[in-house]
Amino acid sequence: DGCGHTVLGPESGTLASINYPQTSPNSTVCEWEIRVKPGQRVQLKFGDFDIDDSDSCHSSYLRVHNGIGPTRTEIGKYCGFGFQMDGLITSKSNEVTVQFMSGTHTSGRGFLAAYSTTDKSDLITCLDNASHFSEPEFNKYCPAGCVIPFADISGTIPHGYRDSSSLCMAGVHAGVVSNTLGGQINVVISKGIPYYEGSLANNVTSKVGPLSTSLFTFKTSGCYGTLGMESGVIPDSQITASSILEWSDQTGQVNIWKPENARLKRVGPPWAAFISDDHQWLQIDLNKEKRITGIITTGSTLAEYYYYVSAYRILYSDDAQKWTVYREPGMDKDKIFQGNTELYQEVRNNFIPPIIARFFRINPLKWHQKIAMKVELLGCQFSIGRAPKITMPPPPQNKNDDFIHSVKTSLQTDKTTFTPEIKNTTVTPSVTKDVALAAVLVPVLVMVFTTLILILVCAWHWRNRKKKSEGTYDLPYWDRAGWWKGMKQFLPTKSAEHEETPVRYSSSEISHLRPREVPTMLQTESAEYAQPLVGGIVGTLHQRSTFKPEEGKEASYADLDPYNSPIQEVYHAYAEPLPITGPEYATPIIMDMSSHPSTPLGVPSISTFKAAGNQAPPLVGTYNKLLSRTDSTSSAQALYDTPKGQPGPAAANELVYQVPQSVAHSTGNKDE
């Protein structure tokens, strides 16, 4: 009466004292006899050991023996609170006896241990979790029997499990190991997530879990895809059932819950059997042999119809005539799968080893109110190196044809046995060719796209450098030839300006024109710059004169000050342009007559301009004269200077004049 949780598998198992992990009762005893295949040995590992040692292992202890029966020999006797046993206890044969004795005591949890054959060198117990290992990825062997009521897990696949979860119990929930067989797990550690979902799978309930620093997942073969119930790949004609629920509601509408309604996540009613007994079934034809690794079920999913199946069996066949009930290897009983506990929740069960079959049948054994369900199958394509088998279409089903063939043979003859040749058969030969082709095309495409990107980047960079070489504010290269300079004379705002180059003209042309006609005949290029003011005399003018500054000052101009203004005012280097509507006056002409050989020395330069009002400007120097223009053109000594090169009193050389601006001349002024 001292035996607790116990699962003894053919290659591994788990055993614990009664009431573990609570204090074991007084005066109890339990003895386990473990056998493995001949030629193998047994290794024992303790996950927890806490036995009272107040009487030096006299009344409370754990004893391990080689062999079974009267011929057994003792390996060791153990007791102690929190006893830590390093390493494994190994037998000398394929049989081991474990004896637990609990005397009078007040504390002590007892023990939990795992065993396996000695070829499983990486054996762990059901109490180990991910936080016990520092490697980011590792392989361990889980013993059978790790679905224990005193261990918790949080999470689900594919998101992962909280690091505090039992590794082996999570492996059973994920479907990578069997609780009755145990198996190898490949664990990957990664960063934790804020929230872990809960679910029911393989008779293990995963709870909702909070944030953790890390989580773990399992590496698998990847054969867990859906086989076509939800997506519709399996047509309606390939889904049949033993009976169909048909009924009329209060409005007189006929409701038929047909087999094709049994598609997972499909909106609407499920499939339901007309009669609720253990002879009903739902059958799915996969059209060819598939590798089936699991099944997901729900109830009716209709709140007003609280129907669901809570337990069922699985049968499979190649010809829909002879059916085999699914059993786990080494077991002589049919596997009973846990179904739903309510009508909405999705419950998953995995087949270890997988089922290889074309026809798949679900036989409900327990249900709530009525048999009703929706399903999806998990698995992948099955391909194995063997001769193709011709499969005939199934004959019509009879209502009396509910015969179920249950195989009672050993593991070697059971069709559900997982054989080694099934491994690595999910890849067809055509996939290898596709992989080789992709290995060539992908690098070539990457190189082509990389080259195009480099060319575009270089072109963009060269264009930017060219723009920088022109200057941020420079004109484009086609605007540097000066054609814009010639075009500005046609703009209305620039028509009154003049180029800095003096206009040359002959006296004969001037003599035939009236003074007012002269400016209109002289067409020159517009000046680009405002011309400098004549220093000192601006105060006597109503408007400022405009002309382009000279490149350099002449010596005579710098030395002479013909307008000795007492007030020296500072003006801008360039005068403001003349307003369009204001009056304009002739530009003063500054002449150095000393450069002409026909002019006597000392004759001053003569300027012509209109004075402000009738007041003549002050005279500067002994020989300076201020002359006003007249309308008379008959005088031999005209007040206008005569250009050189024409008959008259001037010298033979041609004179150069600034072009007078177009102004109205006054006839009322006379010489001072």
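Cβ atoms here come from the backbone N, Cα and C positions, even for glycine.
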Disulfide-bonded cysteine for C3 as listed in TrEMBL, from C30, C57: C30
Cβ-based isolation winner (fewest other Cβ atoms within 10 Å) among the disulfide-bonded residues C3, C30: C3
For the domain 'LCCL' (120-216), the mean pLDDT of the predicted model: 93
Composition by DSSP (helix, strand, coil) of residues within the domain 'LCCL' (120-216): 11 helix, 38 strand, 48 coil
Helix, strand and coil totals (DSSP H, G, I; E, B; other) for the domain 'CUB' (3-118): 0 helix, 61 strand, 55 coil
